[in-house]
Amino acid sequence: MTENNNLVTSTQGIIKEALHKLGFDEGMYDLIKEPLRMLQVRIPVRMDDGTVKTFTGYRAQHNDAVGPTKGGVRFHPDVDEEEVKALSMWMTLKCGIVNLPYGGGKGGIVCDPRQMSIHEVERLSRGYVRAISQFVGPNKDIPAPDVFTNSQIMAWMMDEYSALDKFNSPGFITGKPIVLGGSHGRDRSTALGVVIAIEQAAKRRNMQIEGAKVVIQGFGNAGSFLAKFLYDLGAKIVGISDAYGALHDPNGLDIDYLLDRRDSFGTVTNLFEETISNKELFELDCDILVPAAISNQITEDNAHDIKASIVVEAANGPTTPEATRILTERGILLVPDVLASAGGVTVSYFEWVQNNQGYYWSEEEVNEKLREKLEAAFDTIYELSQNRKIDMRLAAYIIGIKRTAEAARYRGWA
């Protein structure tokens, strides 16, 4: 079984338990355990050398009982159907947790944009939209940025969809440049959401952010913004990593210096001679550990070595079920991904609302509304976990899936 098969299976297992605790029967689980629609497309792209290369793309729409589906599009060589399926299920949970009128969606293309020219990436982006255009739209399924996609790619996709639709459709996609209807604060919303989760977790442990020792795995979009936010709040960032290694300084790394040298793909460690391994990064003495890279990073093999008292999941699925159990038994407060990383989809929702009404908010208004939603969600999930004596992941799944299940029941789907 591949890692992505494991992600789907473990997610299904927790959803099943959550539905059982909510009193829903097997029929509801049968409906929710798989996406309602799973699209695979082939995208021919003329490369700069004149040859034509055909790429495989996916779009999953997990459940639209509540409303249109919502979720990012990632460009990565490891994208496959199972990963996209699992990610769409998590998006349903995130939307339920922060009370958004969406179901979960997700998309991806099997490619390595680091090995492509900007013109090739543009042609691929437009080709993907042409391939999925009948299945998406501002009231059907709304894409957004994800791994190795950004506001420029969203702009190309919006332009292509608008040409096909013969109507300017800014609400078709979120994460756009401000000038094309993007929202203030969207580019750093995922990281700010993680900061809010860290603040709430620290509050429960009577911990001050100022002076706290933090380790962040991943220095991409979310990881780098997160490092900067925490650095400015006075936290001591003692370890960061990227795809090539990790850096450690017990006295705290100079985050501004690293950000100045980071490339567009979040790489910085290759500029340094002295690095540590990913394994050593997770063993560092710290107060807060934030996995902000890829899935299955905290496992039963290294969960006993973690020294942090708080783990906040900024990445999707970084902790296996076995590791979750170990961390919980050790008394470590684990804030799950579906709560901690919900900032991105929340501000995407704000962008969609602003597009629909043609009235735009300041960054201060966006951040205030984001904080209000995420603090309320954290309070609800933490209180449920304490009252029922369950871990925060199961509590988050109970809150996250309840709305979709109730909407499906009222519609007569299960």
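Cβ atoms are placed via backbone N, Cα and C, with glycine included.
Summarising the annotation, Swiss-Prot assigns active site, proton donor to Lys106. DSSP gives Lys106 (active site, proton donor) a strand state.
In this view, Ser348 (substrate binding site) is surrounded by 27 other Cβ atoms within 10 Å of its Cβ, with every protein chain counted. Swiss-Prot lists Lys70, Lys94, Ser348 with the feature substrate binding site, giving similarity to another entry as the kind of evidence.
Look at Swiss-Prot and you will find Thr190, Asn221 tagged as NAD(+) binding site, backed by similarity to another entry. The Cβ neighbour count for Thr190 (NAD(+) binding site), using a 10 Å radius and every protein chain shown, is 26.
The annotation site 'Important for catalysis' is assigned in Swiss-Prot to Asp146 on the grounds of similarity to another entry. Its Cβ taken as reference, Asp146 (site 'Important for catalysis') is surrounded by 23 other Cβ atoms within 10 Å in the chains shown.
Rounded to a whole number, the C-alpha distance linking Lys94 (substrate binding site) with Asp146 (site 'Important for catalysis') is 15 angstrom. On the backbone, the CA of Lys106 (active site, proton donor) and the CA of Ser348 (substrate binding site) stand 14 Å apart.
Cα spacing between Thr190 (NAD(+) binding site) and Ser348 (substrate binding site): 10 Å, rounded to the nearest whole number.
Residues Lys70, Lys94, Ser348 are the ones the record ties to substrate, and the longest Cα gap between any two of them is 12 Å. Within 10 Å of the C-beta of Lys106 (active site, proton donor) there are 32 other C-beta atoms, taking all protein chains into account.
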